[in-house]
Amino acid sequence: MAADGERSPLLSEAGDGGAGGNGLAGPGGSATGPGGGLTPSAPPYGAGKHAPPQAFPPFPEGHPAVLPGEDPPPYSPLTSPDSGSAPMITCRVCQSPINVEGKMHQHVVKCGVCNEATPIKNAPPGKKYVRCPCNCLLICKVTSQRIACPRPYCKRIINLGPVHPGPLSPEPQPMGVRVICGHCKNTFLWTEFTDRTLARCPHCRKVSSIGRRYPRKRCICCFLLGLLLAVTATGLAFGTWKHAQQYGGIYAAWAFVILLAVLCLGRALYWACMKVSHPVQNFS
């Protein structure tokens, strides 16, 4: 039977000298004697240093990667090949370098010197970039013919249509001067070349004077006018002191003149404390 065939290698053969009559030979070479006890016939396998069975080749002995008493090698993190230098681009307005590390997912970056935008990627599908003469970067549709600058001090209309041959426009586009704000130290474009040199910064929305001449002139005028009104109020008070006791309207005249003097002196103080914005380049 199949079961007997599977156990047949374990049966002791008649010619085996190491086994008794009908005993079984165990794996260690011991056999069961007639009395049922185990009789050792050979030393157990593995005693001493014997070669492994012939069916398996011996494994080569080599040195381990880390000896039992040795520390592992130090950890050295892998570094990126381009980690030594940050990616930089040049500003399209002031030509200053701009660090774009960590901003590569954006389409535009802002310059830290002139606060203007510079594109680092192509415009989205169906869009295009347009640079206004005031250096404002605009994005519009590819099919747009005319766009308006959104900056409150510019509001320039830009024609993007095809250029038709013809005479030049008699009214050229006004140019301006880049000015450093006296409040927030940001740079903006000033286009109003008049005697009234007050400008509102588009970044902080505060008013400053372009140069010191205009606020100094207004301060002197207001101070002199306030001083004159103060002297007038003093003389009026001393000259009409007796009449004021009979006519109460004189007190109202005193109060009116004194109020005008205080307003003029306060305005002089306002012009004296006004911040001054300086142009980046000289007027030409």
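Including glycine, each Cβ sits where the backbone N, Cα and C put it.
Note on SER80, SER169: Swiss-Prot annotates phosphoserine at SER169; no matching annotation appears for the rest, which is not proof of its absence. Among residues of the same chain six or more beyond the transmembrane segment (219-239), those with a C-beta under 8 A of the stretch's C-beta atoms are 253-254, 257-258, 260-268, 271-272. Across the motif 'CX5R motif' (140-146), DSSP assigns 0 helix, 3 strand, 4 coil.
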